[in-house]
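Heads up: the structure comes next, in structure tokens.
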């Protein structure tokens with residue numbers, strides 16, 4: 001079957017998406033949920049355990065608190081309160097921690113540490129999955145059983161001010177609310193003032209039972225300038241004053257004989273050392289949790305805060321307000337909250353929590369009875385019944401007290417074990433679906449790699465032996481083998497597999513597809529990868545038999561790409577993927593250097609035999625006295641691979657990335673410190689000048705002027721936001737948002753893109769001018785470079801500058817002079833693009849995504865441009881290298897056509 005290259009690429013892309021989707025379906029486990037569709041109700045709560053034939057009591061302890069104020073400070077790291085600087089950051093809060101009637105904890109948030117999943121965890125007690133990261137952009141209403149629904153059903157009056165994610169999750173649940181957008185991270189002042197302006201009037205009123213405040217300013221400061229910014233302390237002092245105001249108001253309204261209040265200060269997630277969040281590092285998952293109430297004992301001094309799970313707050317608040325625990329909660333009540341209640345009430349609270357966890361365990365695990373926590377709960381429940389019988393009989397001996405404490409300990413151990421088992425359930429992957437998806441993806445990648453030289457050839461078509469593969473005996477044997485494996489796996493699997501739940505028609509189609517792909521792969525490989533002598537160092541060349549031979553560089557590119565794909569099966573290689581790309585890039589530079597040495601030094605010996613002249617260049621001579629320009633070209637070509645190695649090594653040290661060493665200091669931290677702002681300013685100016693010199697060469701005069709003014713606007717924007725300085729500026733100048741300067745740059749970006757698009761359309765519609773088409777592509781590329789230079793932080797401009805310099809040198813002295821073909825050049829661009837993704841400071845951790853760039857030039861949150869700008873900044877490295885590949889191949893095709901026309905005209909003249 002012969003397919004056009006475009007059709008072949010589209011088919012491979014669609015099938016790759018299906019394989020990746022199957023893998024992701026197995027990689028992201030289904031959240032643990034109760035099988036009951038309805039929500040928990042007071043009438044459904046179990047009776048109090050009681051041994052003997054006496055009727056059990058359905059008595060419920062009375063609520064612990066009359067009013068609850070939940071003050072949620074977004075990105076409140078635990079060290080902001082409990083750390084060495086906590087006394088200066090939040091003095092009043094620190095006083096309550098040390099000497100107040102409070103309980104302080106380090107609440108561990110489970111990844112993904114982004115706002116919407118954390119709100120779900122706080123209100124439902126469940127552990128959201130990573131799919132909620134996507135839903136964080138547009139949160140739908142929460143239909144799962146949750147604390148807010150339970151409180152509203154019980155008649156509690158709820159008031160909310162803050163992040164409008166709550167309003168989207170809980171529509172029609174609040175008696176009064178005022179939401180503020182959480183995505184416009186450039187604003188860290190008004191976003192909090194909009195919450196605080198309601199505070200005085202609300203605290204004076206008595207018509208509410210639950211007050212929820214969600215402050216976003218601290219999180220926005222982290223995204224803009226990190227946790228060590230000079231803006232952090234004033235913001236935390238502001239939060240401290242608000243907490244003091246709330247606490248003073250609650251104390252003044254406290255009356256004797258009534259239920260006490262509860263003031264909760266917490267964070268939804270932490271903040272990494274770069275100011276972002278979403279990952280699983282300690283600063284991101286460790287949040288502060290402070291419970292303040294006159295119901296607690298007054299402390300005598302600073303105590304080390306305990307460690308709890310963030311999901312433990314949901315059952316604690318539910319029981320404290322006299323509400324049922326949410327059905328899908330995996331949290332356990334915080335014991336310190338119950339310490340001042342009677343022993344009977346403590347046991348009853350723990351029994352209710354244990355009953356809810358045991359029901360969830362029963363619904364989510366087929367072999368729940370084998371779980372140690374479930375058995376411990378049954379034992380504790382029986383002991384509780386025996387204790388209750390003695391208690392109701394009026395036994396007041398010390399034996400009863402000791403027995404009650406023993407039951408209490410048994411309950412706590414059972415709760416911890418069941419909560420742990422339910423949490424681990426989220427880490428059980430669907431391995432069968434993951435392996436099936438990986439097999440599909442790997443097969444398609446191999447076919448794509450083997451077909452790439454043919455797809456990128458002049459014919460632009462791929463010949464796939466589909467019919468012969470479908471009619472071969474191995475195809476039917478593979479179908480039988482894979483079908484047998486499917487039946488075996490599905491009948492012996494202990495847990496449910498998504499692939500096993502599909503209909504037999506879909507399963508047979510998948511089996512047939514995989515078998516056919518394997519046969520096609522073998523057929524293509526045997527046809528194009530013959531075993532025999534190859535010419536070392538040469539590009540793949542079609543022999544007379546229609547076969548492809550591989551050079552050493554081809555083997556490296558193929559083995560490196562396949563090896564990287566295989567390495568992604570291990571989580572440690574995913575976490576530190578940048579190390580794989582750095583290694584491959586270094587090896588590639590050495591291999592290219594070897595090819596350059598072979599070409600020039602063998603040519604210098606004057607060998608005229610084509611077999612000795614590896615990777616021949618059209619400019620090469622066998623003359624004993626080469627021209628000066630050829631001599632300089634030789635040394636520049638020899639210097640390019642070592643220079644690329646040095647450049648990549650310097651760029652690596654600019655940003656620490658990955659997981660294990662991301663916390664270590666790097667050059668970017670040094671450059672961003674206030675005392676080195678002059679150095680950063682000089683470096684930024686030099687990089688912008690070099691970017692102009694590298695990009696303007698292939699642009700029209702209008703685009704050159706626009707590019708120069710645009711890069712000047714980039715520096716002005718960075719000076720406006722306080723990253724760099726003009727010579728006449730003072731370092732203590734007040735920073736602005738730089739909206740005018742950024743929009744100034746956007747105007748020139750649009751102008752350059754318009755000019756390039758116009759040339760491109762003219763070359764396609766009006767005149768078939770290959771030179772005009774090439775210039776149009778390079779101008780569009782220049783426009784992308786300009787917008788990326790605006791979005792990159794000042795310390796990352798050397799990454800952009802280094803990438804452009806490497807592209808220029810490699811194109812001029814390596815790819816062109818050594819005649820690397822399109823397939824080799826494409827894979828090299830892919831490798832460089834992936835490496836530059838990590839040079840930017842990115843990683844596979846969502847916490848490294850810089851969302852602040854989505855609001856460069858915006859005065860308010862607009863979803864579409866914010867998403868586009870964030871994606872463009874994050875994937876700037878791979879995108880620019882992909883665009884450079886298109887421009888370079890277009891230029892080379894134009895050059896080849898021009899040479900062909902020149903040669904034909906010369907031959908015509910000779911014949912005349």
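For all residues, glycine too, the Cβ spot is worked out from N, Cα and C.
Annotation source TrEMBL lists domain 'GPI ethanolamine phosphate transferase 2 C-terminal' at 552-895.
Annotation source TrEMBL lists region 'Disordered' at 606-626.
Look at TrEMBL and you will find 431-452 (among others) tagged as transmembrane segment.
The transmembrane segment annotation in TrEMBL covers 464-489 (among others).
The transmembrane segment annotation in TrEMBL covers 501-525 (among others).
Per TrEMBL, transmembrane segment is recorded for 678-695 (among others).
Same-chain residues lying 6 or more positions outside the transmembrane segment (707-728) and placing a CB less than 8 Å from one of its CB atoms are 672, 677-678, 680-681, 684-685, 688-689, 691-692, 695-696, 699, 735-738, 740-742, 744-745, 748-749, 752, 782, 786, 789-790, 793-794, 856. What TrEMBL lists as transmembrane segment is 707-728 (among others).
The transmembrane segment annotation in TrEMBL covers 740-756 (among others).
The transmembrane segment feature in TrEMBL is assigned to 776-792 (among others).
What TrEMBL records for 797-815 (among others) is transmembrane segment.
Here TrEMBL flags 866-889 (among others) as transmembrane segment. Here the transmembrane segment (866-889) has Cβ contacts under 8 Å with residues 137, 183, 774, 777-778, 780-781, 784-785, 787-788, 791-792, 799-800, 803, 807, 811, 815, 822, 825-826, 829-830, 832-840, 842, 849-851, 853-856, 858 of the same chain, all six or more residues outside its ends.
Residues 699-700, 702-703, 706-707, 709-710, 713-714, 716-717, 720, 775-783, 786-787, 790, 856-857 of the same chain lie 6 or more positions beyond the ends of the transmembrane segment (740-756) yet place their CB under 8 Å from a CB of it. As a quick check, the transmembrane segment (501-525) and the transmembrane segment (776-792) miss the bar of 3 or more Cβ pairs under 8 A, pairs 6 or more apart, so the two do not touch.
When Cβ-Cβ distances below 8 Å are used as the criterion, the transmembrane segment (678-695) is approached by residues 671-672, 707-708, 711-712, 714-715, 718, 723-726, 781-782, 785-786, 789, 794-795, 797-798, 800-801, 804-805, 808 of the same chain, each at least six residues removed from its ends.
Counting same-chain residues at least six beyond the ends of the transmembrane segment (797-815), those with a Cβ under 8 angstroms from any Cβ of the stretch are 592, 596, 633, 636-637, 640-641, 643-644, 647-648, 650-651, 654-655, 683-684, 687-688, 690-691, 694-695, 785, 788-789, 825, 828, 832, 836, 839-840, 876-877, 880-881, 884, 888.
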